[in-house]
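Report on one structure; see the data block that follows.
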Amino acid sequence: MKTFLLLLLVLLELGQAPGALHRVPLSRRESLRKKLRAQGQLTELWKSQNLNMDQCSTIQSANEPLINYLDMEYFGTISIGSPPQNFTVIFDTGSSNLWVPSVYCTSPACQTHPVFHPSLSSTYREVGNSFSIQYGTGSLTGIIGADQVSVEGLTVVGQQFGESVQEPGKTFVHAEFDGILGLGYPSLAAGGVTPVFDNMMAQNLVALPMFSVYMSSNPGGSGSELTFGGYDPSHFSGSLNWVPVTKQAYWQIALDGIQVGDSVMFCSEGCQAIVDTGTSLITGPPGKIKQLQEALGATYVDEGYSVQCANLNMMLDVTFIINGVPYTLNPTAYTLLDFVDGMQVCSTGFEGLEIQPPAGPLWILGDVFIRQFYAVFDRGNNRVGLAPAVP
C-alpha cells in the first residue's frame, strides 16, 4: 500500500494521475488567411475590419480582435446535447465562453456551418439571457442555453453556452471552425457563465486541475492534442519552467525581456504577456512590432510583412526571456510559408495589436510560440508550465 501511495504521489507530481489524461486530438487545416488570400478577399477583410496592415495594428479596440483567428489551423471536435450534435471549435485560452451557431441565426456564416437545434436535444434547458462578444467592428450576439457538453469522453452536465443568432461580417463564412470553446479564467466570461473547464473541475471530471497543449509543427499536424487532467512528458524535452500567472483573467505572465539576436530590444524592465492558444501569431504593441519587423529585414507588401525565403538562414533569432529562462525562436520557427499564384512567399509570424489599458499593453504568445514550446495551464496553482516541444 505504501508503495502504491508513493507511486501515486510521483505520478501526481508528473501530472499523470491514473486515468487523468483525456486527450483531444487537434486537426490542422488551412488557415482563414490562406483561404481569403487565395480567393482575393484578404484586402477586403482589412478594410471591413478597419485594419491598417502598414502600421500592423487594429485601429479600433475590441474584446476579441478578429484578426487573431486569421491564421488558426488547429481545431478539435465537441458535441452538445442528447443525442450529440457535433461542432468543430477553437480551444481558446484567450477567452472563456463556449459558443456555437444557433438554428435561429440568419447571418451568412450560419448558413455554411452546422447549427445547434435545441428542440432536438432532450437535455437542453433554456436560460434565456443574452450575450454579446465584440469582434473587430462587429458583434457576435445570441442567447444563453444549457446542455451537456462532451469533449472526448468528458461530459459536462448543465453547461451554459452561447447560441449565436448574429455573426459579424463575412469573415466567419470561410472559417474552418464553427465556434469557440474558451479556456480562460471565469472573470473573462461574458454573461457570468461558468467556463467549461471550471465545470470539469467542479464535477470531478479531471484528476488534476490542469490542461496542456501540444501543437505539432508538421504540415498535417498529426499528433497535435489538447490534454485535460495533466500533461504528457513525451511531448517535451527537459523540465517544465513553471511561471506564475500575474493576473487571473487571461493566462497572463511576466516577460523579463525580448532579445533580437544577442541584444535585448524590448521589455528590458519587464512587461506582461499572455499565452494564448486562440491567437495564431505572436502579437505586441504596434510600434514595437514595426521595430521588430525592421530589425528582421521584413518589408511591407500588400497584406503584411514579408521576408525573402532564401534568406532565413541569415536572419536573427528572437528570444523571449520568461522567469529567467530563454525561449528562442529561430527564423524557420517564426516564419510562415505560403504559396501565392504558384510562388513561394514567406512572412513573419509577428503582428501588431494594440491592447489598451487597463488590460494592456500586452504581448500575446500565440501558436507560433506554442508550436515550439509545450504549454501546461495549471489552475490549481495558477501557473503556466513551458518546455521545448518535441517535434
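Glycine is treated like the rest: Cβ placed from N, Cα and C.
For reference, Swiss-Prot has these:
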type     : residues      : note
ACT_SITE : Asp92         : active site
ACT_SITE : Asp276        : active site
DISULFID : Cys105-Cys110 : disulfide bond
DISULFID : Cys267-Cys271 : disulfide bond
DISULFID : Cys309-Cys346 : disulfide bond
DOMAIN   : 74-387        : domain 'Peptidase A1'
CARBOHYD : Asn86         : N-linked glycosylation site
SIGNAL   : 1-19          : signal peptide
**Message:** Using a 10 Å cut-off between Cα atoms, which of these disulfide-bonded residues sit near Asp92 (active site): Cys105, Cys271, Cys309?
**Reply:** none
**Integer Cα-Cα distance in angstrom, Cys346 (disulfide bond) to Asp276 (active site)** = 23
**Item:** Candidate disulfide-bonded residues Cys105, Cys110, Cys267, Cys309, pick with smallest Cα gap to Asp276 (active site)
**Value:** Cys267
**Prompt:** Between the residue listed as 'N-linked glycosylation site' and Cys110 (disulfide bond), what is the CA-CA distance rounded to a whole number of Å?
**Reply:** 15
**Prompt:** Using a 10 Å radius around each Cβ and counting other Cβ atoms from all shown chains, which of the disulfide-bonded residues Cys110, Cys309 yields the largest count?
**Reply:** Cys110
**Request:** Work out how many Å separate Cys271 (disulfide bond) and Cys105 (disulfide bond) at their Cα atoms, rounded off.
**Result:** 41
**Prompt:** According to DSSP, which kind of secondary structure is Cys105 (disulfide bond) found in, if we only use helix, strand and coil?
**Reply:** coil
**Prompt:** How long is the line from the C-alpha of Cys105 (disulfide bond) to the C-alpha of Cys267 (disulfide bond), rounded to the nearest angstrom?
**Reply:** 44
**Asked** Among the active-site residues listed here, Asp92, Asp276, whose Cβ has the fewest other Cβ atoms inside 10 Å?
**Response** Asp92
**Asked** Expressed to the nearest Å, what is the distance separating Cys267 (disulfide bond) and Cys110 (disulfide bond) at their Cα atoms?
**Response** 42
**C-alpha spacing of Cys110 (disulfide bond) relative to Cys309 (disulfide bond), in angstrom** = 38
**Message:** Check the DSSP secondary structure of Asp276 (active site), expressed as helix, strand or coil.
**Reply:** coil
**Message:** Taking 10 A as the limit, how many CB atoms besides its own sit near the CB of Cys267 (disulfide bond)?
**Reply:** 20
**Prompt:** Among the disulfide-bonded residues Cys105, Cys271, Cys346, which residue has the largest number of other Cβ atoms within 10 Å of its own Cβ?
**Reply:** Cys105
